[in-house]
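Pulled the feature table from Swiss-Prot, pasting it below:
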BINDING   HIS80, GLY121, HIS122, SER123, GLY153, ALA154, ASN181, TYR288, GLU370  thiamine diphosphate binding site
BINDING   ASP152, ASN181  Mg(2+) binding site
Amino acid sequence: MTLDLAHYPLLALADTPEQLRELPQDKLKQVAKELRQYLLTSVSQSSGHFASGLGTVELTVALHYVYNTPFDRLIWDVGHQAYPHKILTGRRDRMPTIRQKNGLHPFPWPNESEYDTFAVGHSSTSISAAVGMAVAAEKEALGRKVVAVIGDGAMTAGMAFEALNHGGDIDKDMLVILNDNEMSISENVGALNSHLARLLTGNFFNSIRDGGKKLLSSVPPIKEFASRAEEHIKGMVVPGTIFEELGFNYIGPIDGHDVNGVVDTLKNMRNIKGAQILHVVTKKGKGYELAEKDPIKFHAVPKFNPSADGLPKAAPSDPTFSNIFGRWLCDMAQQDPNLMAVTPAMREGSGMVEFSQKFPAQYFDVAIAEQHAVTFAAGLAKEGQNAVVAIYSTFLQRAYDQLIHDVALQNLPVLFAIDRAGLVGADGPTHQGAFDIPFLRCIPNMVIMTPADENECRQMLYTGHKLNKPAAVRYPRGSGTGVKPDNTMQALEIGKSRTIRQGEKVAILNFGVLLPYAEKAAEVLNATVIDMRFVKPLDTEAVANVAKNHELLITLEDGATTGGAGGAVAEYLLSTVHTSRLLQIGLPDEFIMQGTQTEMYAEIGMDDAGIIAKAHTFLAQ
């Protein structure tokens, strides 16, 4: 699919930032208009992240117009809002392939484009990277500028403030753009603030300020008075005290959809030395009424008709594992008033909307603060509350010390409901849930469960909730296998597996939701199939039994094989006298790119065909 550029005459002239900078400034408003329409049309025909990019169109145009990218470094936080950036940096015609196998990466990716200066996908990393690049730029002494763009949501994370604290302290030349698209920091936007922003960034104001500081540096009382006067003038309309205290010169807020106003402000700010923050207010979903009204719903979209009155209704399907978790959470809360559910800003994705509405006193969204989420849950558990942390596998990585030091070390009964375990599909390598089993398995006191279907997931959540120690239940993105969960809940016997099929010579030890692949492969291989259920404690009795009676053991898991569940089986076999051969099948020692789960499991050789082929090859050796 290629869009007809005849409908985008100015955008057609700006395939790269170099071409964009050749246009007169009075054409930028039209460029932004065409860019927004191009984004709307392309994403509606291909799917992808949507509302965030609509809100950053003018800002993106202004940044590439003012700064000499890619020589000047532009770092996008997370990357949801970077679709306009991709369109303006030579990837316009490939936008229909975004998030698809062998297509454009879903987030900024340096291997894809020199304009993507830093790989991102998780939030709140941009300022830290920018501080490092600013130090390097000063050392190079080539006049390189460094700009980080971060949203107000990402600014809630501790890492962002750690970077601000350091960046303000060393005061290197850098600009942080706070893209405030939720009005959560300030609504104080208007002509006066836009005028003030241009005034405060202009040469006249800054020459007076810098010159005055030098002149009065030997007269401390007068210098202090002048500083207070400046702060008073700015403070009347500028809500930037916290940033000023951290050592950044704060400008704004300004209207992020006034492309010429943003350009003028950025041109002025290029000439200011030291650490700067520009507060830009934008509207998520800007220019598409439905997305403006419901930016959460339109954050990421399937293919849709822009002329329709909403997104297409999803075809009937089995409940997702997130749905299973959400239903269990509500059912459990009806029985347990001490259940406390915690999420780091992933209410919708984790299936917690209904719970948050029905049990608001037991629901805690701590914002993008994974470290705090885990230790907060530890505090709840220490005082007798039954804490449940709902978190994506890839984001649990960010709270590893808290997992060990604050939960496991004290053997606190915190249940981790780990969503998006295994391959997540279109979001690619930054979001694959590959590493949770390896990094959890080495932690003392931790119980790790891998449900094979919806009912096991529900029963394991109940088991972990009733267990008086740390526990984790990991489950994938998307729909289950069609197994209807039992309404009743029953605790499983810890560390015990179940036999699915009895065969000969080959035994498949399955951990998790790849069980249907294992069963199909077993029909061809005449293999025994064991649903292992628990990675830790491992059912060593079951492993020992199949090792006695089978020539080949195959471990199958939707996570990294290095240190994974297969590794646990290998370690046990090495510690005994069993001589069975072992084939570990799982995610290889590499970062897996984007594509559908089905596509990627087939490519890696983790589907039934791959299992059969690997087994035959292994047996032939």
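Please read every residue number as a count from 1 along the shown chain.
Using the three backbone atoms N, Cα and C, a Cβ is placed for every residue, glycine included.
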Between the Cα atoms of GLU370 (thiamine diphosphate binding site) and ASP152 (Mg(2+) binding site), what distance do you get, rounded to the nearest Å?
17
If you measure from the C-alpha of ASP152 (Mg(2+) binding site), which of the binding-site residues HIS80, HIS122, ASN181 fall inside 10 Å?
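Of HIS80, HIS122, ASN181, within range: ASN181.
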Would you mind checking how many other C-beta atoms are within 10 angstroms of the C-beta on ASP152 (Mg(2+) binding site)?
18
Could you tell me the maximum Cα-Cα distance in Å between the residues recorded as binding thiamine diphosphate, namely HIS80, GLY121, HIS122, SER123, GLY153, ALA154, ASN181, TYR288, GLU370, rounded to a whole number?
32
Going along the chain, which residues six or more apart from ASN181 (thiamine diphosphate binding site) have their CB under 8 A from its CB?
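Result: SER52, GLY55, GLY151, ASP152, VAL281, THR282, LYS283, LYS284, PRO295.
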Among the binding-site residues HIS80, HIS122, which residue has the largest number of other Cβ atoms within 10 Å of its own Cβ?
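Most Cβ neighbours within 10 Å: HIS80.
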Could you tell me which three-state DSSP class ASP152 (Mg(2+) binding site) falls into?
coil
Using a 10 Å radius around its CB, how many other CB atoms surround GLU370 (thiamine diphosphate binding site)?
29
